[in-house]
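Q: Sharing a structure with you now.
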C-alpha cells in the first residue's frame, strides 16, 4: 500500500510535470504553517528539494523561459538556486539576464561570484568578467583560476600570466590552468617551464602538457613526455589515453598506438567515447582505414564525435565518396552534425571537386543554422574556392561575422588561385586594418597572387614585409614563390642569383620553379644549368625531364629532344600522361589527348569540328610551338585540336544546359594554344568556362581569361 508521504511526493512531482501553476499551489499548501495537512511540517523541506530537482531538469533541457517562470514563484530562493539560474543563462548565452539576476541576489557567496565571472567570460564579455573579479569582496583559488582560463580563451596570455603570478595561493588546478593557457596560445616552451616547476603535478598536468606539445606540432616531444609519465607509475585516465593516441596518430607511431589500444582494452577504457574516437583517428591517419571502420562498427552507441572521426578518416585515405556516403548515413540516422563534421565532409567535396555536392552541404548548414559559424564558414569558403566558384566564396566571406585568421587566409589564397590577385592584396589591407596578424600561409597566398599576375614590384614588397615580420618564419615555400615571381616576369638571371644567396639550402622544388619559367621564356641556357641542379638533387625527376624536353621542342631542337627522351627511357622514367575531366551528376568523365573511348566520342568530335570552323572564322590560328612532336604542320594542328581539355569542353557543351558554366579539371598545366583557343571558344558559345590546371584556376568569359594571360 502506498504511504501518505509517497502520495505527497507523487502529487508534487506529477503536478510539477503537468502544470506549473498547479504545482505552485501544492507548494504553498505544504509551506503554509496554518495548513491542516498532517504532513505539512515534515514534508516542506522535501518539497523544496523537489522544486530544486524540477528547476535542475528545466535548466538541463535549456528551457530558460520555463525555468525563469518556475524560479519567480519560489519563495525566498536560496543562493544555490540563484547560482543555478545564472549558470543556466550562461549556457544559453543570455549574459544580460544572468547579470540582472545576480544584481537581485539578497546574499552572494563566493560560489555565486565565481559563477557570474565564469558566465561573463563564457559569453565573451571579458570586461564584465574582469570588473566582477576586481569588485569581489573575497576571492578563493577558483576565482583566480577562472579568470586565468577566461583570459586565455581571449588570447590575453600575458594578462593571464600576470594574474597567475599574483595569486596568493595556488593549487594544482591553477597550475594546470596556466599550463593549458600557454599551450592553447602556442607558447609551449613557457608551458613546459611551468610544468617543470609545478609542485605536485597530477595526471591532468601531464595530460595537458602532452596535449600541448602535440597541438603545437611537437608530437615526438609529446610521446617522449608520455614515456616519462608511464615510467612514473601514475594511473592514466581515459583523457590521457585519448591525448596520447592522438599524438601517436600525428607522429604516425602505429606501433605504440596499437600497444596503447591493448592497454585500453585491459583497463576497460576502450569503450570510452574519446578513447574510441582517438583509436578510429589513429588507424585512419596511419592508413589502416579498415581497422577504423571495424572499431566504429563495434561501437554500440555512435555519437557525433565518433561519426566525424570516421568521415575524417575516409577523407585522409582519399576515400571521399565513402566519406560523403557516411555523412548521409549520419544525417539519415537523425544525428545532428557539428562544425567538425561539416568541415570533414566539405574537405571531401574538395577532394572530389564536387561543387554540386558542396552546395547541397551548404544548404544543410543553412537549415541547421551553422552557415555563419566561423569554422563551417571557413570550410565553405575553401570548398567554393577549390571548386572554382570564388564568387560564392567571396559572398559567404562577406556575410561572416566572426572572421579569424583562417577566414582571411582562406579567401586570400582562394582569390590568388582563381586569378583575383588585386582583390587578394586588397583583402590583405583589410585584414591589417582589423589587426589580424598574418602568418606564413597569408604570405604564401599573397606571393602566389603576385606570381600569377606577374606583379613583380608588389611581390618584392610583400617579400620585404615577410622578412621583417618577427612573428613569422620565412620558409622555403616563400622562396619558391619569389623565384616563381622573378621567373614569370622574365628575370631569370636574377632568380638564379636569388637562389644562390638564399640563407637556406635550396631543394629541387625551387629549381623546378625556375625551370618552368625557362619553359615560359624559352631560355635554353638557363634551363640547362637549372635542370642540372634538379638532376643532382633528384636524378629521377620526371617533371624536370619533361620540362627540358618541351623547351627543346619549342625551339625545334629535335636532336636534344630525342636525347632527353632517351635518357628518360634508360632511367625508366615515364611521363605522366595529360588528362582532363568533367564531373556531371556525380559521374566523372575523363579524357586524354585524341581519346575516342568515350561512349559519346562521335558527338564530341562533331562538336570539336564545329568549334574548329568557328575559331577559324574568327581568325584563330593554332600555335604549333605547343605541338611537341617532330611531325608536319597538319599533324601538329590535329594533335592540338584534340588536346584533353578541348575534348572535355566539347563534352560539356553537348551535355549541359545552354548558358550554364562548364567546369573542367586538368592534371597538368594548360598549354598556351589551349589557353588561347578556350578564350575564343568562350566567346563563340557565350558561356563561362572554368579550367583548373596543375597551378591555378582560369575563368574564361567573353573571350577573356581571369589570369590576364599571365598563365
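Every residue, even glycine, has its Cβ placed from backbone N, Cα and C.
Pulled these features from TrEMBL for this protein:
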- 619-711: domain 'DYW' (DOMAIN)
- 78-112: repeat 'PPR' (REPEAT)
- 140-170: repeat 'PPR' (REPEAT)
- 171-205: repeat 'PPR' (REPEAT)
- 303-337: repeat 'PPR' (REPEAT)
- 404-438: repeat 'PPR' (REPEAT)
Q: Using DSSP, what's the helix, strand and coil tally for the repeat 'PPR' (140-170)?
A: 23 helix, 0 strand, 8 coil
Q: With Cβ-Cβ distances below 8 Å as the criterion, list the same-chain residues six or more beyond the ends of the repeat 'PPR' (78-112) that contact it, or say none.
A: 52, 55-56, 59, 62, 64, 67-68, 71, 118-120, 122-123, 125, 128, 136, 138-140, 142-143
Q: Between 0 and 100, where does the mean pLDDT of the repeat 'PPR' (171-205) sit?
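A: That region's mean pLDDT is 93.
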